[in-house]
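Let me begin by presenting the structure, written as structure tokens, before commenting on it.
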Amino acid sequence: MQSNKNIAVLGAGTMGHGIAQLYAMSGYQVMLYDIDDAATQRGLVQIQTSLQHFADSGLIEKDTIQGILNNIQLTTSIQEAVSKASIITEAAPEILDLKYKLFQTIEAFASKDAIILSNTSSFAVEVLAQGIQHKNRFLITHFFNPAQIVPLVEIVANQESSPEIVSYIEHVMRVIGKEPVLLQKDKPGFIANRLQAALVREALHLLNEGVADAKSIDTAITAGPGFRWAFIGPLETTDFGGLDIWRNVLNNLSPTLNNADKAPELLDSLVENQHLGIKTGGGIYDYPENSVSQKTVRRDRQFLLLNKLKKEF
């Protein structure tokens, strides 16, 4: 339905730069916006680093990197970013008033046919749609960090979203190498974050109860269920295990599982003491100086190799 291959990504931070990279790698012309030159330059540096990792992992040829970068133009003007775009992705911070103001500015300068997408991870689609005038052209496309690597995109339509546009965005997501999942009903946290939150809640509970240390709990997932989940999900896993067996497992375990309705005291204590994870040098684990960049590079290369392996099957 759209022949225009111009894309606008608003926000060059954690998610935005990865989304911009994805489009650029698929031949789209991308305008990457942020509030100042320093922010857009940081995003560009992250894209350059990521593309080098792609090349080192054998997923792209090194001599294609410059061509991909040439598909990206930086700007600090929303009008310049959106005026020619057929698809506009909002990747701004999770502040509702900020998103509403951004939507208002987008619609003031964008084409009447432009599709507006939000990368929100926490707001319901109908809440966001209240800030949109042309609701038929508005959807959520929820990417996962790092957006340029993790295949999943959750798509959430609002009540007035055009079915034709929903189908088109599903197609575009596949073109840029994603695995789109269309929600049939809006739900806080969508699908993946709800499942992930349930697992993290139980993991923190086990840690707090002294059942095992953090490394052992993580290994129990990466070497166990997580190993399987890269290829078969939890529901298919139950079919392989036998639904009769899983019924017994759930009947036996469910009464013992953590069912807290808020974050545990362990997490509250860490946050209150500014142990926030890699950004402060320590959280559940300690991160010595200079180790974070090394761990991030290692993580991303492992993810890339897993992506490569999955494509072979």
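Glycine residues also receive a Cβ, built from the backbone N, Cα and C atoms like all the rest.
Annotated in TrEMBL:
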{"type": "DOMAIN", "residues": "6-186", "note": "domain '3-hydroxyacyl-CoA dehydrogenase NAD binding'"}
{"type": "BINDING", "residues": "Gly11, Ala12, Gly13, Thr14, Met15, Gly16, Asp34, Glu94, Lys99, Ser121, Asn145, Lys279", "note": "NAD(+) binding site"}
{"type": "SITE", "residues": "His142", "note": "site 'Important for catalytic activity'"}
{"type": "DOMAIN", "residues": "189-287", "note": "domain '3-hydroxyacyl-CoA dehydrogenase C-terminal'"}
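Positions of the features from TrEMBL, shown on the structure.
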{"residue": "Gly11", "record": "NAD(+) binding site", "Cβ contacts under 8 Å, 6 or more apart": "Tyr33, Asp34, Glu90, Ala91, Ala92, Pro93, Asn119"}
{"residue": "Gly13", "record": "NAD(+) binding site", "Cβ contacts under 8 Å, 6 or more apart": "Asp34, Ala39, Arg42, Gly43, Ala91"}
{"residue": "Met15", "record": "NAD(+) binding site", "Cβ contacts under 8 Å, 6 or more apart": "Ala91, Asn119, Phe143, Asn145, Ala147"}
{"residue": "Lys99", "record": "NAD(+) binding site", "Cβ contacts under 8 Å, 6 or more apart": "Glu90, Ala92, Ser118, Thr120, Phe123, Leu128, Gly131"}
{"residue": "His142", "record": "site 'Important for catalytic activity'", "Cβ contacts under 8 Å, 6 or more apart": "Asn119, Thr120, Ser121, Val153, Glu154, Ile155, Val156, Phe190"}
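Predicted-model confidence for the domain '3-hydroxyacyl-CoA dehydrogenase C-terminal' (189-287) is 96, expressed as mean pLDDT. Within the set Gly11, Ala12, Gly13, Thr14, Met15, Gly16, Asp34, Glu94, Lys99, Ser121, Asn145, Lys279 that the record links to NAD(+), no two Cα atoms are more than 25 Å apart, and one pair reaches that distance. DSSP assigns His142 (site 'Important for catalytic activity') to a strand. Within the domain '3-hydroxyacyl-CoA dehydrogenase C-terminal' (189-287), the DSSP-based counts of helix, strand and coil residues read 64 helix, 3 strand, 32 coil.
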